[in-house]
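Undergrad: Got a structure here, written out as structure tokens. Questions coming.
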Amino acid sequence: AASSTFMIGSHVWVEDPSDAWVDGEVIEINGDEIKVQCTSNKTVVAKTSSAYPNDPEFPPSGVDDMTKLAYLHEPGVLQNLKCRYDINEIYTYTGSILIAVNPFQRLPHLYNMQVMKKYNGVALGELSPHPFAVADSAYRQMINESISQAILVSGESGAGKTESTKMLMRYLAYMGGRVDNAEERSVE
């Protein structure tokens, strides 16, 4: 439920039929309605029950883990994902959950051997969000703590589930298929 404790000057998100959500500042309160001067220069009247607080100190490039957001609600999440996508950061954490935004193009530089080596043995959250970090965390718990692991990949049609799963499997094959002698083998 949205907050109904807005004051004049409060920064808010309000629904918009063309943009989903628009941000602005409350300039007038009239009962259960607020008038908002949007950053897009239009003025909107909305019910306080359908408005959400907006963090005026939100970083322009977003945050890599959405648990760091001041407000974890739909407009805040969407704003963060858009800001990160705009700077070509397609992965974002929400705690230990990895959210991927399909870039609709191949990004081989994100999945090469050097990137796999970089994530090897690094705790989840120490480096940028990435499927290799999730796979490494699962692999480490399985090996070190003998705890069975599962990685759930979910999304709508065309969201990139198959590609994400390929990257997870590639990393697990890389970790499980290595040997220390000169004889090369590959699980992949």
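Every residue, even glycine, has its Cβ placed from backbone N, Cα and C.
Pasting the feature list from TrEMBL:
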| type | residues | note |
| --- | --- | --- |
| BINDING | Gly155, Glu156, Ser157, Gly158, Ala159, Gly160, Lys161, Thr162 | ATP binding site |
| DOMAIN | 7-56 | domain 'Myosin N-terminal SH3-like' |
| DOMAIN | 61-188 | domain 'Myosin motor' |
Undergrad: Tell me which of the binding-site residues Gly155, Gly158 sits in the most Cβ-dense spot, judged by other Cβ atoms within 10 Å.
TA: Gly155
Undergrad: Using an 8 Å cut-off from the Cβ centroid of Gly155, Glu156, Ser157, Gly158, Ala159, Gly160, Lys161, Thr162, can you name the remaining same-chain residues around the ATP site, in sequence order?
TA: Asn102
Undergrad: According to DSSP, how is the domain 'Myosin motor' (61-188) divided among helix, strand and coil residues?
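TA: Tallied per class, the domain 'Myosin motor' (61-188) gives 57 helix, 9 strand, 62 coil.
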Undergrad: So if I measure Cβ to Cβ from Ala159 (ATP binding site) and keep only same-chain residues at least 6 apart in sequence, which ones fall under 8 Å?
TA: Ala100, Asn102
Undergrad: Could you put numbers on the helix, strand and coil content of the domain 'Myosin N-terminal SH3-like' (7-56), residue by residue per DSSP?
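TA: Secondary-structure breakdown of the domain 'Myosin N-terminal SH3-like' (7-56): 3 helix, 30 strand, 17 coil.
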